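According to TrEMBL, the protein carries these features:
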- His10: active site, proton acceptor (ACT_SITE)
- Asp11, Val14, Gly16, Asp18, Ser20, Glu32: Ca(2+) binding site (BINDING)
- Cys12-Cys17: disulfide bond (DISULFID)
- 1-97: domain 'Plant heme peroxidase family profile' (DOMAIN)
- Arg6: site 'Transition state stabilizer' (SITE)
Amino acid sequence: GAKLIRLHFHDCFVNGCDGSVLLEDAPGIVSELNSPGNQGIQGLEIVDAIKADVERECPGIVSCADILAQASKDSVDVQGGPSWRVLYGRRDSRIAN
């Protein structure tokens, strides 16, 4: 649970909850994962698995940013923590900051 909460927190930290923390280095993109404050972030394989399952059911509809928010909330629920409603509609960023 803590891995997913930290991942979601780091995604939301700079420009809002936009999935940009998941971007990998590419031409024109220097990954947020490589920044000193994001070293050691874990849980990417969990988000990848969730995204793959969601894409099989409803391709191109659910953003990675929404998956991060829901996975963070669900990880708290599973551990017996408080619950809240996740509103959807976040859009994935195409750039990293």
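Positions of Cβ are set from backbone N, Cα and C atoms, glycine also.
Note that the structure is predicted; figures quoted are calculated from it, not measured.
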- Note on the structure: Same-chain, non-site residues whose Cβ lies within 8 A of the Asp11, Val14, Gly16, Asp18, Ser20, Glu32 Cβ center for Ca(2+) are His10, Cys12, Phe13, Asn15, Cys17, Gly19, Val21, Ser93, Ala96, Asn97
- For the domain 'Plant heme peroxidase family profile' (1-97), the number of residues DSSP places in helix, strand and coil: 49 helix, 2 strand, 46 coil
- Item | Length of the line joining the Cα atoms of Gly16 (Ca(2+) binding site) and Arg6 (site 'Transition state stabilizer'), in Å | 14
- Could you round the CA separation between Asp18 (Ca(2+) binding site) and Cys12 (disulfide bond) to a whole angstrom and send it over? 7
- Query: Considering only the recorded positions Arg6, His10, Cys12, Cys17, which fall within 10 Å of Glu32 (Ca(2+) binding site) when distances are taken between Cα atoms?
  - Reply: His10
- Do you know offhand how many angstrom separate the residue listed as 'active site, proton acceptor' and Ser20 (Ca(2+) binding site) by C-alpha? 9
- Item | Cβ neighbours within the same chain of Cys12 (disulfide bond) - under 8 Å, at least six residues apart | none
- Note on the structure: Out of the binding-site residues Val14, Gly16, Asp18, the residue with the smallest number of other Cβ atoms within 10 Å is Gly16
- Message: Can you tell me the CA-to-CA distance separating Val14 (Ca(2+) binding site) and Arg6 (site 'Transition state stabilizer'), as a whole number of Å?
- Response: 14
- State the count of C-beta atoms found within 10 angstroms of the C-beta of Arg6 (site 'Transition state stabilizer'), not counting that atom itself. 16
- Message: Give the mean pLDDT for the domain 'Plant heme peroxidase family profile' (1-97) on the 0 to 100 scale.
- Response: 90
